[in-house]
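Student: Here it is, the structure in full.
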Amino acid sequence: MEIRENTEQNKDDAFQEIIVSCRSLSKYETNIRSAFPQIFSAIIAAAFHIVIGISLAYSAILIPQLEDPNSDVVVTKTQSSWIASIIVIMVPIGSLIAGVLMEFLGRLNTIKLAAVPCIVGWIAIACANSFTWIMVGRVLTGFACAIGTSPAIVYITEVSRPDMRGSLISSGPTIASLGMVIAYTKGAFLNWRLVAWINIAYTVVPVLLIQLLVPESPVWLVSKGRIEDAARSLKFLYKKYPQPDHTDQPLSEMHLNALIKERESKIHEAERNLEANQSRFRGFLKPTGYKPMIILFWFFLIQQFSGIYITLFFAVTFMQDVGTEVNAYMASIFVGLTRFMMSLLNAWLLKKFARRPLVMVSTTGMAICMFVSGLFTMWIKEGTTTLTWIPVVCLLLYVCASMIGLLTIPWTMTAELFPTEIRGIGHSLSYSMANLLMFFAVQSYRSMTDILGGAHAVQWLFAAVSVVGFLFALIFLPETHGKSLAQIEAYFAGDKKRNPQLTATIQQSNMGHRRATEHLIKVPSSHSFKLKEAEVLLMKHKEAA
């Protein structure tokens with residue numbers, strides 16, 4: 001009896017998800033023109049990432065200038081490591097706060113709020129006359145980066161349809177890569193103080209665009225009971241969609257009704273739970289909460305110690321350490337350009353290919369590049385080769401390989417793997433965890449170089465960790481490409497293992513729902529089913545299931 005009730009509930013949920021997803025647009029609508037408002041909104045929401053890219057890459061141009069004997073602010077190597085890594089250690093604190101702020105203020109308002117500490121931080125750096133004030137500026141900009149990143153990813157997850165979700169989430173890293181190019185380029189020609197002043201403009205413009213051009217997440221608006229605002233937001237997001245020919249009700253209203261229904265369902269569920277506030281945190285004790293967290297921990301650990309962000313924070317210093325005769329500042333610009341170009345390609349890759357193969361290809365390429373680079377770095381130090389340009393080429397290829405999967409996919413999964421009720425907090429916690437690991441990796445670069453015996457050994461360590469990343473993707477990494485958020489949640493819940501018969505029944509029902517829905521939404525009116533005929537078809541599949 002319980003199985004039958006669960007089956008009926010899941011069939012209803014599957015039908016609702018196919019016709020109107022509460023989290024994204026129609027899975028079956030592939031017209032880019034109709035999706036343009038969501039694409040536009042996602043890119044504008046991610047625009048603040050340009051400041052994040054600049055902030056991350058800024059240490060690469062700042063540290064060499066501060067370590068110059070003629071610098072007006074003198075720092076030691078230990079202090080320079082803190083300048084590079086302190087921005088990362090602030091991210092966990094900021095992202096946790098962002099998780100709370102985005103639930104109370106909204107996704108976009110939280111991004112706007114991030115501009116305040118960011119501007120103050122750049123002013124502190126630009127006016128700094130000591131190591132202390134530089135650190136104050138780095139702390140504030142790091143805090144702002146965390147507050148501005150998490151809401152953007154959650155916003156994109158909630159307004160984008162499943163087939164474009166990965167690509168749109170990757171727009172954040174793409175824009176961040178553009179910010180890195182800007183930072184590297186300006187650092188090659190301008191003083192670090194002037195670059196800090198210019199960065200204030202890059203902070204203000206994205207906030208103005210968000211304020212003027214895009215609506216708040218309808219999912220969040222409905223959760224706060226702001227139905228009229230949610231209706232306006234959905235009307236904007238769906239304004240390019242064709243009117244379904246089986247009803248006079250616009251798609252935006254259909255989605256709004258679905259969101260309201262989901263909210264009412266959650267309210268009733270919360271009323272049945274006397275400890276509703278604690279239930280959100282208890283969600284991490286369920287398989288749908290702790291399994292994604294464990295996977296993301298190991299995924300980010302591999303990512304960070306494969307050297308991806310170490311070479312970012314110490315781009316110029318890294319080039320100097322390998323002994324190349326190529327200008328280190330110009331090489332860092334090429335690194336930034338490579339990241340940016342690969343970010344553009346990555347948006348297509350995430351839409352076209354599954355996650356696991358991308359990670360395996362990525363880690364394989366990274367391992368080969370770092371092994372060869374380390375080998376030539378050792379030969380350069382020994383004076384047995386004059387091919388000093390090879391480590392630079394290997395680093396560029398290494399960046400290309402990392403952008404295929406290992407750099408971007410872990411960040412994408414922070415919003416995909418968690419269920420709705422803990423998605424905001426889950427994303428923030430995993431984001432905080434990732435940045436803690438990044439802090440330890442960046443902070444340990446100078447120590448690793450001394451302990452392992454040189455830059456060549458550090459590169460071989462990066463290669464070894466990349467091999468581990470290949471094995472991790474092959475054995476443990478779940479596949480999320482093309483799957484709805486509900487399907488991902490069901491995977492971690494272990495529905496297939498607990499009840500194969502139920503799963504098969506739901507899949508059979510889904511086939512019927514999908515067939516009817518495709519006729520209702522995609523087929524032109526002259527060839528489409530009448531609504532009554534579609535209902536009969538659905539009833540037949542329901543009875544058959």
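FYI, residue positions are counted from 1 along the chain as it appears here.
Cβ atoms are placed via backbone N, Cα and C, with glycine included.
What TrEMBL records for this protein is below:
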type: TRANSMEM; residues: 39-61; note: transmembrane segment
type: DOMAIN; residues: 41-481; note: domain 'Major facilitator superfamily (MFS) profile'
type: TRANSMEM; residues: 81-101; note: transmembrane segment
type: TRANSMEM; residues: 113-133; note: transmembrane segment
type: TRANSMEM; residues: 139-156; note: transmembrane segment
type: TRANSMEM; residues: 168-189; note: transmembrane segment
type: TRANSMEM; residues: 195-214; note: transmembrane segment
type: TRANSMEM; residues: 294-316; note: transmembrane segment
type: TRANSMEM; residues: 328-350; note: transmembrane segment
type: TRANSMEM; residues: 357-380; note: transmembrane segment
type: TRANSMEM; residues: 386-407; note: transmembrane segment
type: TRANSMEM; residues: 428-445; note: transmembrane segment
type: TRANSMEM; residues: 457-477; note: transmembrane segment
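So where do these features actually land, and what's packed around them?
Tutor: Only residues 6 or more beyond the boundaries of the transmembrane segment (39-61), in the same chain, are considered here, and those with a CB under 8 A from a CB of the stretch are 32, 83-84, 87, 107-108, 111, 114-115, 118, 138, 141-142, 144-145, 148-149, 151-152, 155-156, 159-160, 164, 168-169, 171-173, 175-184, 186-188, 192, 195-196, 199, 202-203, 205-207, 209-210, 213-215, 236-237, 309, 312-317, 329, 332, 336.
Counting residues 6+ beyond its ends, the transmembrane segment (113-133) has Cβ neighbours under 8 Å at 48, 51, 55, 72-73, 75, 79, 83, 98, 101, 105, 139-145, 147-148, 192-194, 196-197, 199-200, 203-204, 206-207 in the same chain.
Within the chain, the transmembrane segment (294-316) has long-range Cβ neighbours (under 8 A, six or more residues past its boundaries) at 56-57, 59-61, 63-64, 84-85, 180, 184, 187, 328-329, 331-332, 335-336, 363, 366, 370, 395, 398-399, 402, 406-407, 410, 413-414, 417, 430, 433-434, 437-438, 440-442, 445, 458-459, 461-462, 465-466, 468-469, 472, 476-478.
Within its own chain, the transmembrane segment (328-350) is flanked in space by residues 57, 60-61, 64, 166-171, 173-174, 176-178, 180-181, 183-185, 187-188, 311-312, 315-317, 319-320, 358, 392, 395-396, 399-400, 403-405, 408-409, 412, 481, which lie at least six positions past its ends and keep a Cβ under 8 Å from the stretch.
Long-range contacts of the transmembrane segment (457-477) within the same chain, counting only residues at least 6 positions beyond its ends with a Cβ under 8 Å from a Cβ of the stretch, are 295, 298-299, 302-303, 305-307, 310, 322, 355-356, 359-360, 362-364, 366-371, 373-374, 377, 405-406, 445, 448-449.
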Student: Mind checking which residues of the chain, 6+ beyond the ends of the transmembrane segment (357-380), have their Cβ under 8 Å from one of its Cβ atoms?
Tutor: 306-307, 322-324, 349-350, 387-388, 390-391, 394-395, 397-398, 400-407, 409, 454-460, 462-464, 466-467, 469-470, 473-474, 477
Student: Restricting to the domain 'Major facilitator superfamily (MFS) profile' (41-481), what is the model's mean pLDDT?
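Tutor: The predicted confidence over the domain 'Major facilitator superfamily (MFS) profile' (41-481), as a mean pLDDT, is 81.
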Student: So, taking each listed stretch (81-101, 139-156, 428-445) in turn and counting its Cβ pairs to the transmembrane segment (168-189) that are under 8 angstroms, which one gives the highest count?
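Tutor: Selected stretch: 139-156, with the most Cβ pairs under 8 Å.
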